[in-house]
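First the structure, in the form of structure tokens, and then the observations on it.
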Amino acid sequence: MSTLANLTEVLFRLDFDPDTAVYHYRGQTLSRLQCRTYILSQASQLARLLKPGDRVVLALNDSPSLACLFLACIAVGAIPAVINPKSREQALADIAADCQASLVVREADAPSLSGPLAPLTLRAAAGRPLLDDFSLDALVGPADLDWSAFHRQDPAAACFLQYTSGSTGAPKGVMHSLRNTLGFCRAFATELLALQAGDRLYSIPKMFFGYGMGNSLFFPWFSGASALLDDTWPSPERVLENLVAFRPRVLFGVPAIYASLRPQARELLSSVRLAFSAGSPLPRGEFEFWAAHGLEICDGIGATEVGHVFLANRPGQARADSTGLPLPGYECRLVDREGHTIEEAGRQGVLLVRGPGLSPGYWRASEEQQARFAGGWYRTGDLFERDESGAYRHCGREDDLFKVNGRWVVPTQVEQAICRHLPEVSEAVLVPTCRLHDGLRPTLFVTLATPLDDNQILLAQRIDQHLAEQIPSHMLPSQLHVLPALPRNDNGKLARAELRHLADTLYHDNLPEERAC
């Protein structure tokens, strides 16, 4: 695709019945024609307010209004970025400053940003209307119902931003173009899942998460399916309500959500025919629980820098403890610490990926940041090993590794050994603790599948006995802590940094004692 084009216009021209549903919201259904008319109307107003290339931060809950405003921004050549509406004020201000936003759109009760560089702020209407005008009528006058002046540009140019979750540092703005957006839509929605008109999609992850944005915002337009949008936070109770009322055929979740839905297995299984998990590796126990109930969960991994999922299990062929194969059009390879490609199976390395969803790069990137895209490959920072069949297994992240007495500790090796063979442990996380006299030592945090029948010391002894048979001694945990739940960020990803801080705090609070086991 070399001619100038506009992503919103391209999505509108896909050959689907305009009267079919595209979004479901608060018990109401919106057709493709209704949304298209509204987007064009809103674009005519935004064109009086914004110039092509202006950045717009959308800190809004999931709704048709958010999806339509996003596509209206792209229609006029503005560059929208959807962020978590629950972001702290400083985080929002930092993102607005980073992208030099001209406009911020927030929920009705959210304050305006202050300071000398504060952008114009619009607010959603109270009461959550089906389609919100965000006060544009009052600001720039009535809409032009005949507007069609799409801003067309190079298909490789940035047309929206996604900010990373910040799990590996400050959030970075990832640029996405028409070309790579259609690339990840085609690879995942069409080639992998074969989504089609009539499919009902429910993504529990929200649109501010790249995984959720593809599922809820883009795939309905791209595949002819329709999606449920929910402006409330996804508690297990709320998710159950949505499953019962909406009866989705395709469910997108993260491992923690599937774990929380175990008591509602009957309701989930009554309609869901295709379940997908991403965000963090799906534990073997979770895969096996749902498989025993007749539901195959396909695990996969994506990255904001690649738009969506690029490595996944195929429906009908999913395996436990496997992240699957590269999606059509993608290539993956593993490299060692020196950057040499690893050819042999069973050897661990850092995953590099290239393919149709690859981002053009970071917004205002430093040289160090942009180096992650060197040579047309994105360095994910994730550790994998590849088996003889070509399937990949996740082994953690390269920044999770640490040394004890000069020897590398691989946390996932310990974590998986525990979760596979000790059914009383639901989740396990190994992090380093800096001790006063002997440097870094491993600290283990666990959550339990069932309450302890005995004390924690006996649990620690069972863990030690099991690990001693298969794990090198320098990886054995020196402390054990049982938690009711593990900390996670807004995308459902494990917050290891919080656990490292907690481990240090607990160690220093309990000096001079060490756990005895």
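Easy rule for this one: first residue shown is 1, then count along the chain.
The backbone N, Cα and C atoms fix where each Cβ goes, glycine too.
Swiss-Prot lists Leu161, Gln162, Tyr163, Thr164, Ser165, Gly166, Ser167, Thr168, Gly169, Ala170, Pro171, Lys172 with the feature AMP binding site, giving sequence analysis as the kind of evidence. The local packing around Ser165 (AMP binding site), expressed as other Cβ atoms within 10 Å of its Cβ over all shown chains, amounts to 20.
Cβ-based neighbour count (10 Å, all protein chains) for Leu161 (AMP binding site) stands at 26.
Cβ environment of Pro171 (AMP binding site): Ala91, Asp94, Ile95, Asp98, Tyr163, Thr164, Ser165 lie under 8 Å away, each six or more residues apart in the same chain. For Tyr163 (AMP binding site), the Cβ neighbour count at a 10 Å cut-off comes to 25, with all displayed protein chains included. According to DSSP, Leu161 (AMP binding site) is assigned to a strand segment. The DSSP secondary structure for Pro171 (AMP binding site) is coil.
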